[in-house]
Structure formats: C-alpha cells, structure tokens
Amino acid sequence: MAMWLKNGMSFNENGQLVRTHIKIEHGNIAAIHHEQLFEANGEDVIDVGGKLIAPGLIDVHVHLREPGGEAKETIETGTLAAAKGGFTTVAAMPNTNPVPDRKEQMEWLARRIQETAHVRVLPYASITLGQKGEELTDFAALKEAGAFAFTDDGVGVQSAGMMFEAMKRAAALDMAIVAHCEDDTLKNGGAVHDGDFARRYGIAGIPSVCEAVHIARDVLLAEATGCHYHVCHISTKESVRVVRDAKRAGICVTAEVTPHHLLLCDEDIPRLDANYKMNPPLRSRADREALIEGLLDGTIDFIATDHAPHTAAEKAKGMEAAPFGIVGLETAFPLLYTHFVKKNVFTLKQLVDWLTIKPAQCFGLQTGRLEVGAPADITVIDLETEEPIDPETFASKGNNTPFAGWRCQGWPVMTFVGGTLVWEKGRA
C-alpha cells in the first residue's frame, strides 16, 4: 500500500532546503512534491512536522562481529543500532571468526543477513585467506557470492607484491580494494598516537608515518593497476597530503574519515580511559585540523563510523591492554550536526551528502538519494530536540564511546528501508 511522508524538509535539486512531501509505493519513492499541496487518495499519511527528510544514511565501515564475536555484537543488534542512528545501508567488515574468505562463508553470511538484519548489509570479503597476508582469496568466486569489496581491515596488507596482485585482480572484476593502512614495522607496539599524551603517560605510541607510508605505497600500486583504491579511517595530515597529491595525479583513490577523528585529538583523552582507544588512534590537533580541511576541499570523500563494539570487560583492561575501537552508529549524525553544522563549520547539505550520496557514488550504490524511482531508504531527523548521549540506551551491545554525556541535536526519529519503517523513536 502507498504511503505519504508529509510536511518534511529536504534539499531540492538546487540544494535548497524546502518543504517536502514524499510518496512511497512498492518500496520505492513514487512522487516528491515541494511546497505545493497534495491530496492523499486513501494512502496512509505520516506528518513529520517539519523535520528533516534525508536519504537513508550509508556507512561503509562497520564491524558487526558475527560470526565469532557475538558477545560484542551481532548482525541483529548492530543493524538495529544502525537503524536507530539513521543508517539504512552498512558494509560489514570481514575480521570475524571465521573470516569470509571463501564462497561458502560468504553464502552463509548472506543467509544470516537475510534472516536477522534490520537494514541493508553489504558484506566485505577478505583480501587474503584468514586475513593473514599470505595467500590471496578467490576474488571472482567471492564476488559471485555477493562480496561488496575486498579488505583485510583490522590489519594492513604488508607485502607490496601481495597488494599489487590483489589490485590487479580487483581491477579486472571492477571491484574496490579497501585498505586499513599500517606498516607493521613502524607500529612500535603502540596503543595511542606517538605524541604528547603517549610521552606523558609513558605509553608506546603509533607514529603518523606508520599510516602515511602505507598509503603512499598503495596509491602508486593503484596507479599501476587502475584499481579503485579506498583508504579507511584516514587520520594524519601526511596521509591527507598523499591522497590529495594522488587525486591531482588522476589516480583512482578515495578516502573516508571517522566522526571521532574529526571531533577529538589526543589532547582530549582524559587520563587512561580505554574508551578513547581506537585504531588509528586519536592524533594531534594539527592532524584533526588537516582532516577537516581535507573533507571540505574534497580530498576526503565521505564520513564512515568504523563502528567497533567491545564488551565492557574488555575495555576495562586499561589503555594498553584493551582492544582498539569505539561504537559510532547511534551517535554519528547528532555529534556531527551539533559540533560542525550548528557551529557553521559544515553546512547541513554537506553533512547529509557525506553520509549518503558521496559513499553511494564512490561505490556505485543505487541508494543515498531522494529521487523518484529510487529505493525508499529514508531517515527522518529531528534537528531541534537536544538530548545527552546515554550509552545505557544504545541498541548496540557495545557502549564503548568517549562521547557519553555529550548533549546533541540532530537525532533520527524514523528510519525506512525499502519503504518499511524499521525503527521509530519511542516505539518498542
């Protein structure tokens, strides 16, 4: 049955925020009316009361932990967290147990997603068997089984020869290589950034060059192979410079940045709180400023959360022993809206684009836009109500966030996937 969302606000084709009414039918957007009145002909009508109607948000960097890490997260809980955060499409990283490195595992994952996911899930396949960096997977078979792209995220592919061959195979299949960039010989056994915080507490630090050197190697390999090479969670000013230079040279490279690297630097870490431990680590203030500049000038293409849930017991082990990672799906939009749009650093249109159409364009997705005929993946967002971030209310199994207590506006209140309401604020 058809349905209308009425009295919302969305961006028209000229980038202006205007009153909007959207008709949803057969899972797609059937009509969009701006300003003018419309008459419902027996269809259900939801009055969104002037709230923002945005395309469903897209996150291409999420750890759902299943299979093997169900104590931290499952496909069901992680995708419910995604829906609560306004995300209608997420891409699931392959650092699970077992790793989706064979056709049979990819097929199992596809079935599990079909059975339990609340939103669309795009599964990554690994570049190497077991993510061990020793032997390449069967890219063609994994693509046939539904792989979204190839990555060994969580570790960097250390062998240049291995990465070169991976890029050649990916390019032949018109698939992307998505890279976690760390040179293991430069990691220094670090738990935080190699900066003032590390020196103050006597903790081994991860130097910026560890990431930038790896990216520099890979962009040259991408140039040689013609592969689409995507940089995960870029974090340093040197890395931004390398990607900027590569784009100017016409190399097919894209990059993402996380909300936490835009919002925080190592100066913000209070004592030895492991909820501030992630990889890459929070870098310097100069790095943070370079990331913001890189996002604004197009060097960095979009924002992705790197949602990485862990148990409370794991994070209680302290800064050096606790695992890397924080959750992000339920806090990304409110944090970015409150601390960048409300402060006139970003425009609302820029923020929405970085979380929707930009990742969709980078990876050739059909979602991420409000257009007649497009899938009705839609998020309704309340830009006015201010609430604190409360980890105890998270849908995710993980509550490992450095943003507890931060007061934010810009909270999603309804999320639709293919025209179906999958989450609504206040509804059990």
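Each position is counted from 1, following the chain as shown.
Note that Cβ sites are derived from N, Cα and C of the backbone, with glycine treated the same way.
Remember, predicted model here, so these are calculated numbers, not experimental data.
Features of the protein shown, as given by Swiss-Prot:
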BINDING   H61, H63, D153, D306  Zn(2+) 1 binding site
BINDING   H63, L64, R65, N95, N279, H310, F324, G325  substrate binding site
BINDING   D153, H180, H233  Zn(2+) 2 binding site
ACT_SITE  D306  active site
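Feature annotations (Swiss-Prot) mapped to structure.
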{"residue": "H61", "record": "Zn(2+) 1 binding site", "CB count, 10 Å": "26"}
{"residue": "H63", "record": "Zn(2+) 1 binding site", "CB count, 10 Å": "26"}
{"residue": "R65", "record": "substrate binding site", "CB count, 10 Å": "26"}
{"residue": "N95", "record": "substrate binding site", "CB count, 10 Å": "21"}
{"residue": "H180", "record": "Zn(2+) 2 binding site", "CB count, 10 Å": "23"}
{"residue": "H233", "record": "Zn(2+) 2 binding site", "CB count, 10 Å": "22"}
{"residue": "N279", "record": "substrate binding site", "CB count, 10 Å": "21"}
{"residue": "D306", "record": "Zn(2+) 1 binding site", "CB count, 10 Å": "27"}
{"residue": "H310", "record": "substrate binding site", "CB count, 10 Å": "28"}
{"residue": "F324", "record": "substrate binding site", "CB count, 10 Å": "15"}
Remark   = Spacing of the two Cα atoms, D153 (Zn(2+) 1 binding site) and L64 (substrate binding site), in whole angstrom, works out to 13
Query = Using C-alpha atoms, which one of the binding-site residues H180, H233, D306 comes nearest to R65 (substrate binding site)?
reply = D306
Remark   = Mapped onto three states, the DSSP assignment of H61 (Zn(2+) 1 binding site) reads strand
Key: Residues within 8 Å of the H61, H63, D153, D306 Cβ centre (excluding the Zn(2+) 1 site residues themselves)   = V62, M93, G154, H180, C232, H233, A304, T305, H307, A308
Request  = Can you tell which of L64, G325 has the least company, meaning the fewest other C-beta atoms within 10 angstroms of its C-beta, among these binding-site residues?
outcome  = G325
Message = Using the Cβ center of D153, H180, H233 as the Zn(2+) 2 site position, which other residues in that chain lie within 8 Å, going by their Cβ?
response = H61, M93, T151, G154, V178, A179, C181, C232, N279, D306
Query = How long is the line from the C-alpha of N95 (substrate binding site) to the C-alpha of H63 (Zn(2+) 1 binding site), rounded to the nearest angstrom?
reply = 8
Inquiry  = Please report the distance from the Cα of L64 (substrate binding site) to the Cα of D306 (Zn(2+) 1 binding site), rounded to the nearest angstrom.
reply    = 10
Request  = Would you mind sorting out which of H180, H233, D306 (the binding-site residues) have a C-alpha within 10 A of the one on G325 (substrate binding site)?
outcome  = D306
Task = Within 10 Å of H61 (Zn(2+) 1 binding site) by C-alpha distance: pick out those among the binding-site residues H180, N279, H310, F324, and say none if nothing qualifies.
result = none
